[in-house]
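Per TrEMBL, the features are:
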{"type": "TRANSMEM", "residues": "23-40", "note": "transmembrane segment"}
{"type": "TRANSMEM", "residues": "83-108", "note": "transmembrane segment"}
{"type": "TRANSMEM", "residues": "120-140", "note": "transmembrane segment"}
{"type": "TRANSMEM", "residues": "160-179", "note": "transmembrane segment"}
{"type": "TRANSMEM", "residues": "188-211", "note": "transmembrane segment"}
{"type": "TRANSMEM", "residues": "223-244", "note": "transmembrane segment"}
{"type": "TRANSMEM", "residues": "256-276", "note": "transmembrane segment"}
Amino acid sequence: MAAPASAAAAAGLAGMSTDNAKGLVLAVSSSAFIGASFIVKKMGLRRAADSGVRAGYGGFSYLMEPLWWIGMISMIVGEIANFAAYAFAPAILVTPLGALSIIISAALAHAILQEKLHTFGILGCVLCVVGSITIVLHAPQERNIDSVREVWDLATEPGFLCYAAIVVAAALVLIYFVVPQHGQTNIMVYIGVCSLLGSLTVMSVKALGIALKLTFSGVNQLFYPQTWAFALIVATCVSTQINYLNKALDTFNTAVVSPIYYVMFTSLTILASVIMFKDWDRQNPTQIVTELCGFVTILSGTFLLHKTKDMTDSTGPSLPTSRSKSASQNRFSIEVVPLKYRDSVDEETLPLSLPKADNRYLMEDFPVRYKDLNIA
């Protein structure tokens, strides 16, 4: 069984075109920069929250934080690499590789932000890598396009126009009607805006990337109005995405934002690519099913990372409370931590104190943790 599998993998790599290989390298580099940017920007947002209005509540004090700008520069470099990758390889290959940024983000969050990574979280990282490799080995070849006008013709076909109209309408409803009411309590609202517009961004970025690639090769595409139309769409969508991604990062835990954003963004982008560029028309059913299996494997990995973000590797019974700094020898406090990220309430957590006389049940049900509390 190992020999056929190795042969298939070798055949997949050997059959990869030069353009696909360039897109692969650029996509992996992009994931490294973007994964690190989440952490650095989060550190900047934390500092900004201490000196001004938080981004989640409409503040822009993070613009004065050098760390946020370092993270932003890292994200820009990653997006440029991602931008170039779309010019060489199909979206079905490039977009799922964004899972690598989740792995990097989770590892750095574990080391820097103290957002612990459970053993099953590590397994989730492995699944993301396996799924990515599966997609790389079975990705379709890039479509041959000789002019940006060809991309425009694909974008103005009825099928994609219908998709784009639905996406824009849904994003506007979220921004003007849902965000004011539920943006601070439901993580899907901010991420929904980013993901919906992100699928249109990728299609426009790919068109713009193809135009620039052809221009650099000697076939000038800059005098076509379609090139500038795609550039305008990219600028509009990206600026909106950055705004709402900042709100999501400032309001919710990074370990939650990253995987959910990845799943929604990737799913919608693949759907948009299949509709616009008809990637699956050039593949047989086996290749399509294998790609979907690889994508589901990546989703499983991100799900594990999300579900185990607050778990520890302790083998003993655990009590889901922690002792407050203000607790005295005769009393202990249950620290109430919301689903939003923990650092936002570290010093503001409201303690629910119980008398020492009522703590006897803890000795019976949670003897190990009760001992750890050092209650006399």
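Glycine residues also receive a Cβ, built from the backbone N, Cα and C atoms like all the rest.
In terms of C-beta pairs under 8 Å, the stretch of 23-40, 120-140, 160-179, 223-244, 256-276 lying closest in packing to the transmembrane segment (83-108) is 23-40. Long-range Cβ contacts of the transmembrane segment (160-179) within its own chain (Cβ-Cβ under 8 Å, at least 6 residues beyond either end) map to 154, 189-190, 192-193, 196-197, 199-200, 203, 240, 268, 271-272, 275-276. Here the transmembrane segment (188-211) touches the transmembrane segment (223-244). Their Cβ atoms form 3 or more pairs under 8 Å, with each pair 6 or more residues apart.
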